[in-house]
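This report concerns only the one structure given below.
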Amino acid sequence: MENQLLVRRLGRQDYTPVWQAMHQFTDQRDSTTRDEVWLVEHNPVFTQGQAGKAEHLLNTGDIPVVQSDRGGQVTYHGPGQLVAYFLIDLRRKKLGVRELVTHIENLVIHTLKHYQIESAARPDAPGVYVQNRKICSLGLRIRKGCSFHGLALNIQMDLAPFLRINPCGYAGMEMIQLSDLHPVSMEQVEKVLIQELVTLLDYEQVEFSTEAYNHE
């Protein structure tokens, strides 16, 4: 199972049911469970991470706010943003948390390079940035030596809701999206992202599914 990966393409989903399913998957997995990556677009939602503060919610309006258990502070998810959840057995992969964060940042940097876009991580604020504007947010949780939660990469979306918050706790943090820099589709980016992940984390066997995780 160490080198096997299942990628679930879940389409457009509300945040809370997917979050609950990640918990169930992580609670029930054991040393024989293969790693999974879930690709999803969420309906509009603000999520507060464990370090989130109420004062960073400026004017949420009609968009719901969900208190999440991932690391980090507040962010926005919405249609046109690629969310990838990494359900990885870190002990089996012999990875530390910081190593996984670096791998995920590099995964996005390599994916953007595929489109001739130069980007970088920042030591003071996890995520990936293009010319100091944030294109990808990152937040993880580790339980039983396994990761869940993941990244949110802005592809082709309405960025206006980010103005209603201090993204990741930074007032005035400017956001950017891939379609501002290069014409691209969600499907193309998914494909490149998974190829880069397989290379970075050394998976040898990859299977794709459009079925949601069912814990029963």
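Note that Cβ sites are derived from N, Cα and C of the backbone, with glycine treated the same way.
Residues or ranges marked as active site, acyl-thioester intermediate by Swiss-Prot: Cys168. The substrate binding site feature in Swiss-Prot is assigned to Arg70, Gly71, Gly72, Gln73, Val74, Thr75, Tyr76, His77, Ser137, Leu138, Gly139, Gly150, Leu151, Ala152. Per Swiss-Prot, domain 'BPL/LPL catalytic' is recorded for 31-205. What Swiss-Prot records for Lys134 is site 'Lowers pKa of active site Cys'.
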Specify the secondary structure state of Ser137 (substrate binding site) as given by DSSP, simplified to three classes. strand
Could you say which of the recorded positions Val74, Leu151, Cys168 has its Cβ with the most other Cβ atoms inside 10 Å? Val74
Around the C-beta of Ser137 (substrate binding site), how many further C-beta atoms are within 10 angstroms, looking at every protein chain? 29
Show which residues of the chain containing Lys134 (site 'Lowers pKa of active site Cys'), separated from it by at least 6 in sequence, have their CB under 8 Å from its CB. Ala125, Gly127, Val128, Pro167, Cys168, Met173, Glu174, Met175, Ile176
Does Gly72 (substrate binding site) have same-chain partners at least 6 apart in sequence with Cβ under 8 Å from its own Cβ, and which are they? Gly49, Gln50, Ala51, Gly52, Pro126, Ser137, Leu138, Gly139, Cys168
Cβ distance under 8 Å to Tyr76 (substrate binding site), same chain, sequence separation 6 or more: which residues? Pro44, Val45, Phe46, Thr47, Ile63, Pro161, Phe162, Arg164, Ile165, Pro167
Gly139 (substrate binding site) has its Cβ surrounded, within 10 angstroms, by a count of other Cβ atoms equal to 24
What three-state secondary structure does DSSP assign to Arg70 (substrate binding site)? coil
For the domain 'BPL/LPL catalytic' (31-205), report the average pLDDT of the model, please. 94
